[in-house]
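**Student:** Sharing a structure with you now.
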Amino acid sequence: MAARCSTRWLLVVVGTPRLPAISGRGARPPREGVVGAWLSRKLSVPAFASSLTSCGPRALLTLRPGVSLTGTKHNPFICTASFHTSAPLAKEDYYQILGVPRNASQKEIKKAYYQLAKKYHPDTNKDDPKAKEKFSQLAEAYEVLSDEVKRKQYDAYGSAGFDPGASGSQHSYWKGGPTVDPEELFRKIFGEFSSSSFGDFQTVFDQPQEYFMELTFNQAAKGVNKEFTVNIMDTCERCNGKGNEPGTKVQHCHYCGGSGMETINTGPFVMRSTCRRCGGRGSIIISPCVVCRGAGQAKQKKRVMIPVPAGVEDGQTVRMPVGKREIFITFRVQKSPVFRRDGADIHSDLFISIAQALLGGTARAQGLYETINVTIPPGTQTDQKIRMGGKGIPRINSYGYGDHYIHIKIRVPKRLTSRQQSLILSYAEDETDVEGTVNGVTLTSSGGSTMDSSAGSKARREAGEDEEGFLSKLKKMFTS
């Protein structure tokens, strides 16, 4: 039980299901939240309040100014108050609706409302019937908590004794729902919609279009202008973006006087917002375009030239403007049979002969932009890397180029001529750092090695004992 009175109003918490009986006429049980009280005798607040303790507070009764509480000689009066029963008292907390703590700042409240309003906007949740209700609840909560006066009143009395449409100094019963159109509230705060048409505002909630583009390795590394087919919302070609059917006229909007803006009274505040009748155009379309239906924009299939920046990677997504819209393109880069990529660096293999590895020389390697002359130092080992600075991929978010690393691979022949085999056997005789054995070479007791007689005689017949072969020269070079 609670009672609060002032010179202007009296707020009494009435017990249900039955009001206290008064001699002459008794109060009837409330029907559908409406109470009619006919009082024909003296009424005092203590006597009336004492009868409420048995049932407990369940309803709100507001007695308006001019009611005599201690006694009156004038005719019986009628006090009729529309109110909700215990259900409104269980309304979800505004702070919980916005997901903010009770001590949240105005910046936090605005940020929470913005994020949730975008998430539950009816235009982005057309298949969810509860989205519109949730969107309205968010507007209702933000309308109260964004006003410091209303917020203090809500913190003190809660939704049961607060009317968001009233001013900070006036109290009345709870009406429920926001006093401003949720759509208008959203536009006013976050729409940036003072001079745009309603069709343009709708595009804010369109899902971004995503496309996949196939690229070769070289196209991704060096960049390319590639023609691409997209479906985008662009200016309607039939009405040229005007929205009305060609040959027809538009009507002046009398709702906003042609200004495109309307004034909304929200109690102690006056708010200027986009006209709900014409959507900010200042005019009404009588005969909408049959293609865009008055929006001024229509979905069109267009072939556009997409400038692919040099250095994009596989799976990378970029945002590109196309007409008045933006699209997202995810690149799928094919693997190269020559190059391997590591950021801005590329790697490739270069096969050289045994002679090139031993004696050194030059070789030609395929580069990303041109053929590269590679210098092979003597004694090059397999898998040794040779760095070619600045021959890699452009750095997409920086300056300069990556490097090209060439991995040396020594190509060993699978088949030898008799001459080549004899020369290799001659070279193997003088090798001392061999672990294991070599076919055709026999180890001696002193630790040296000699060719087998059959292999040696055959080699001498073909090569000639007095002829110095290629590998013999190599042997002298390494043993001298």
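Cβ atoms are placed via backbone N, Cα and C, with glycine included.
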**Student:** Swiss-Prot annotation omega-N-methylarginine: which of Arg25, Arg238, Arg340, Arg460 has it?
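**Tutor:** Going through Arg25, Arg238, Arg340, Arg460 one by one, Swiss-Prot flags Arg238 as omega-N-methylarginine.
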**Student:** Which residue, chosen from Arg293, Arg364, is annotated omega-N-methylarginine in Swiss-Prot?
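**Tutor:** My reading of Swiss-Prot gives Arg293.
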**Student:** For the feature omega-N-methylarginine in Swiss-Prot, which residue out of Arg18, Arg58, Arg411 does the record point to?
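**Tutor:** Looking at Swiss-Prot, the omega-N-methylarginine feature maps to Arg58.
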**Student:** Run through Ser194, Ser259, Ser283, Ser398 and tell me the one Swiss-Prot describes as phosphoserine.
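**Tutor:** Cross-referencing Ser194, Ser259, Ser283, Ser398 with Swiss-Prot, phosphoserine lands on Ser398.
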**Student:** Within 8 Å of the Cβ centroid of the Zn(2+) 2 site residues Cys253, Cys256, Cys275, Cys278, which other residues of the same chain have their Cβ?
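**Tutor:** Other same-chain residues near the Zn(2+) 2 site: Tyr255, Gly257, Gly258, Ser259, Gly260, Met261, Glu262, Arg276, Arg277, Gly279, Gly280, Arg281, Gly282, Ser283, Ile284.
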**Student:** What are the DSSP helix/strand/coil residue counts across the repeat 'CXXCXGXG motif' (289-296)?
**Tutor:** 0 helix, 0 strand, 8 coil
**Student:** Can you tell which of Lys134, Arg238, Arg293 has the most other C-beta atoms within 10 Å, given these are the modified residues?
**Tutor:** Lys134
**Student:** I'd like the per-state residue tally for the repeat 'CXXCXGXG motif' (253-260) from DSSP, helix first, then strand, then coil.
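**Tutor:** In the repeat 'CXXCXGXG motif' (253-260), the DSSP-based counts are 0 helix, 0 strand, 8 coil.
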**Student:** In whole Å, how far does the CA atom of Arg293 (omega-N-methylarginine) lie from that of Cys256 (Zn(2+) 2 binding site)?
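**Tutor:** Pair distance, Cα basis, whole Å: 22 Å.
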